[in-house]
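What follows is one structure encoded as structure tokens, with my remarks underneath.
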Amino acid sequence: MPIARFKRFFKTLSFARVVCLGFFAAIIFGSLALYISEEAELSYVDSLYLSASSICVTGLSPVPLSGLNHSTHWIMLFLIQLGGLGIISFTVIVGFLISKGISRNARFNAFVGAAIDTQAETESLETNEVNRILLSVINISFTLEILGAIGLYLHMPEGVEGENTRWFYSLFTAVSSFNNAGFSITDDLSALRLDPFSLYIVSGLVIFGGIGFPVIILLEKILLTIFVRIVYRIEVLAETLMMEKALKTGNVPRFLLLPAQFSAILENRIEEYNKHLRGETTRIQSKLLVYGSFALLLFGFVGIYFLERSNPHTFHNLEFVDKISNAFFMSVCSRTAGFSTMDLGHLNDATVIIITVLMFIGGGPQGTAGGIKITTFVLLLAYLKNVIQPSKPVMLFGETVSKNSVAVAIRVYFLATVSLAFVFILLGILDQNQHSLHVIFFELISSFSTVGFSLNLTSQLGDIEKLFYAAVMYVGRVGIFTVLIAATGHSGVPKMGTVDDGVKIQVG
């Protein structure tokens, strides 16, 4: 039977090919759903472009979202959530749907291990640990999105939602924020420009989504450890009070017995869950991502604020508090989200350059962010320092970095720059001098980094150009290195050194 043959074929695929085929299939099915939902009012090329932008959590749209059907908004919300859950969950979901029973064999575990695990060999992952990783990723996503939606619902100004219901606007914005999609069903977030609290809610969701699930899982483990200690103290306190009461009266009060028993059960359950929870990043990588994110946010915030504070088309007429919140918001969104509270076409050229740099760097690996990733950028800087001031290994925070990690970082950067240069030339030819080259370049970097910023070019693209940009989004989301491995069967990176030659850092 064709289905049986397809299942056998799927089981022979590598992780990279499963990811590439899975994302491609999702984009095609999404485009058909969008096309049908709009009853052919949206051309198929526009539907394909919008589907790619949703699955790849980019945020670019050739048409105003406010003019689309409510059912189309729901489809986009589903596509954004599916794409934003990340390569880990996405691959497993696709694998499970296509190949029933794959979760009972080692390939399922290897898929997840290859995607997220940074501290153990993939063969050591057991099925229950894989399930906990997936459950943790989904719990983190839904919990933060729901909290963000509630915060926006309670705080955002009246009338912001336009023709949409307030709760759906809040939900859509929260999901789009955490998944770094940058879509808004009112076309932008200009209505929140004078609402700092709402901007900070969106910014917080963007930061958490963009820093990467491995870091969030590590944070979850730390918080669970702290919580267990608190529960243990409660248990000890309850037992102490029980002993005192028993010595005085000879009886143990029921109101003290129940908390002690409940605390003991809760403590054991959490410790067991925490013990088997895997997929967290190393502490070196978490420090790198946290410090790197802070440095980039600060760089973007300071640059944008001082360059735009006197611009009559952007910040000049805003109060000081609103200038601060909008500069911070733009710095956060420049690295991957693509939300805007103003027309980016009015920005100073220097600001556009800063945003372009931030977009290219992006966020953390195995999250909802795009770009070459902070880890890649920092490893490149460390490598350049090592070349200028030679020392034996590349070091970060006093630790030796794996040679393979450095090699992959160099190749990711090289592949990204060469590929983008080639596509930029093609897009320049297709444009036929209709737009400035810097506008095309900005759109290209925004697409590759899955950011969603545009200098008002997206709606003016021809069908061939839309297909090129959709392909760029796809490569940017899946990962240029993943595409290379899927196409050639190998990474092109020779094994350099032993497995334990240094700290492994996820890149690209």
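All residue numbers here begin at 1 and follow the chain in the order shown.
Every residue gets a Cβ built from N, Cα and C, even glycine.
Any TrEMBL annotation is an automated prediction that lacks curation.
The shown structure was predicted, so the numbers you read here are calculated from the model rather than taken from an experiment.
Annotated in TrEMBL:
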- 12-36: transmembrane segment (TRANSMEM)
- 75-98: transmembrane segment (TRANSMEM)
- 133-155: transmembrane segment (TRANSMEM)
- 197-219: transmembrane segment (TRANSMEM)
- 288-307: transmembrane segment (TRANSMEM)
- 344-363: transmembrane segment (TRANSMEM)
- 408-430: transmembrane segment (TRANSMEM)
- 437-455: transmembrane segment (TRANSMEM)
- 467-487: transmembrane segment (TRANSMEM)
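Residues 84, 86, 88, 116, 118, 133, 136-137, 140, 144-145, 148, 151-152, 155-157, 173-174, 177-180, 189, 277, 279-281, 283, 285-286, 289-290, 293, 297, 325-326, 328-329, 332-333, 335-337, 339, 341, 362-369, 506 of the same chain lie 6 or more positions beyond the ends of the transmembrane segment (197-219) yet place their CB under 8 Å from a CB of it.
Contact between the transmembrane segment (437-455) and the transmembrane segment (12-36) is absent: fewer than three CB pairs lie under 8 Å, with pairs separated by 6 or more positions in sequence. Counting Cβ pairs under 8 Å to the transmembrane segment (467-487), the stretch among 12-36, 288-307, 344-363, 408-430 with the most such contacts is 12-36.
The recorded stretches the transmembrane segment (288-307) and the transmembrane segment (12-36) do not share 3+ CB pairs below 8 A when only pairs 6 or more apart in sequence are counted, and are therefore not in contact. Long-range Cβ contacts of the transmembrane segment (408-430) within its own chain (Cβ-Cβ under 8 Å, at least 6 residues beyond either end) map to 360, 372-373, 375-376, 379-380, 383, 437, 440-441, 444-445, 448, 462, 464-465, 468-469, 472, 475, 480-481, 484, 491-493, 505, 507-508.
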